[in-house]
Amino acid sequence: MKPAKNHHNQTRILKPKPEPEFKRPITEIIWVSLVSTCIKFLLIPAYHSTDFEVHRNWLAITHSLPLSQWYSDETSPWTLDYPPFFAHFEHFLSFFASFVDPIMVHIHHGLDYKSKPTILFQRISVIITDFVLVFGIYRLTRNLGCKERVLIWVLVIFSPALMIVDHLHFQYNGFLLGILLISLSALEEGKDLLGGFVFAILLCFKHLFAVAAPVYFVYLLRHYCRGGFIRGFGRLVIMGSAVVAVFAAAYGPFLYHGQIQQVFHRMFPFGRGLCHAYWAPNFWVFYIILDKVLAFLLVRMGFNVQAPTASFTGGLVGDSSPFAVLPRVTPIITFSIVLLAIAPCLVKAWRNPQPRMITRWIAYAYTCGFMFGWHVHEKASLHFVIPLAIIALKSVEDANHYFYLSIVSCYSLFPLLFEVQEYPIKFLLLLLHATLTWIGFSSYFTTTNRKTAETEQTRYDKTRFIVGSFGKLYLLGLLAVEIYGQFVHPILFAERLPFLPLMMISICCAFGMMYSWIWQLRQIIKLH
């Protein structure tokens, strides 16, 4: 600071003006969430999938029938297949729905019912429950700097994938992911009992989050149940009692009514097959393609091989697991592969359980479940994309990884919105996200110019956010696939190969997802 002289010829120091105090984080995030809410209200009249009728039927089931019949009713093909806490959540919503439009919650008259009040009520229910996500991300970021936390809020609250799945396609993923983030925030704060308790509640809302249960178990066993045998055993009993109490509250009433077997039968429909109608971009895409290529080559070589049908892309959710050449994949095989893939993370959690690593470990576990799981939906990528947004600013490598992954994840969801009028919405959501993410990361990871004393040459820090040549080529490849599917394919092969554009999206996005899995595994092994 340079000295300055006043009129008495005395030297004084020029003090910098104090920086204005930032608003409280809770005030900031409320404003961010309100802007997001306005966008969600604009999407209310847009397309909604059959999941809209699924959740409306669950409102009717839980409102019109006694608890003992919730998991046995087959009035509609969209039967209740989520855990009991989500059924009670639907029952809670049905109380208000009955005042908005009584037909909406009628078990027979409400089938395929889509009145304007019904659409408005269900859309608004998703918007309101999204504030659980807002609370979860607030807990995780409230102690960060202003610039860092606001950027993370934008990545999560304005996630285009979450907008597409919840507020267009129609689901309650924001609500469920909010519970996950609350659990992670408790673990990062060292409140292990609360974190484990909230995760148990989450599993009773949606059982597909159980992929991360091994990581939770090992981490809590080593981090919470420590301090000697007596203290550790006592804490294990406390944690076990809390988890058992949650599951008893969820499943106890159904066990009392003799419906527990029916509940589990609905929750785990293994007869649906290895893949969904639209292939989720994971490892099994390559397995399926390899089987088809081998079958084609063997037939051309004269071998008596039954060529595989196009059942994987036929649009049905039946048993699509038979293969022509490669071994048949069963649920136990996929379970074993997922557990094996998670193993390095479990070893790390056992040897050195660190609260600052738990979010990375949980995200990796969900990535493994997505890559190698049974009957994976493309929407399941949200389970790890949202947690990875929390750690995207840990390093420039994390930022680069998240930038590509978030684009790939969002683009893989494009087939969910197949109607023409929604195309500009999903395209603009992805474009806006990519632009804001690039600007935000470029601003956060600035370049520092430094000159050496010997050579006077400028050096650049490695903290600058750059989209590399390989990344640019990959993103251009996704753009080429989209241009082909929208403009070229309808002219050349619309009738002969109607499934080809979907297959190309799955394959191209699977490469990006596979890269993400390998990158995360490398980071987990490398970081201490």
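Glycine too: its Cβ is placed from the backbone N, Cα and C atoms.
Per TrEMBL, the features are:
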- 29-48: transmembrane segment (TRANSMEM)
- 119-138: transmembrane segment (TRANSMEM)
- 150-165: transmembrane segment (TRANSMEM)
- 194-221: transmembrane segment (TRANSMEM)
- 233-256: transmembrane segment (TRANSMEM)
- 277-303: transmembrane segment (TRANSMEM)
- 323-346: transmembrane segment (TRANSMEM)
- 358-374: transmembrane segment (TRANSMEM)
- 427-445: transmembrane segment (TRANSMEM)
- 465-487: transmembrane segment (TRANSMEM)
- 499-518: transmembrane segment (TRANSMEM)
Have the transmembrane segment (358-374) and the transmembrane segment (323-346) got at least three CB pairs under 8 Å, pairs 6 or more apart in sequence?
-> yes
So, do the transmembrane segment (150-165) and the transmembrane segment (119-138) meet, by the test of 3 or more Cβ pairs under 8 Å (sequence gap 6 or more)?
-> yes
Spatial neighbours of the transmembrane segment (277-303) not adjacent in sequence (6+ beyond its ends, CB under 8 Å) are 312-317, 323-326, 329, 370-373, 376-378, 380-381, 408, 412, 415, 502-503, 505-510, 512-514
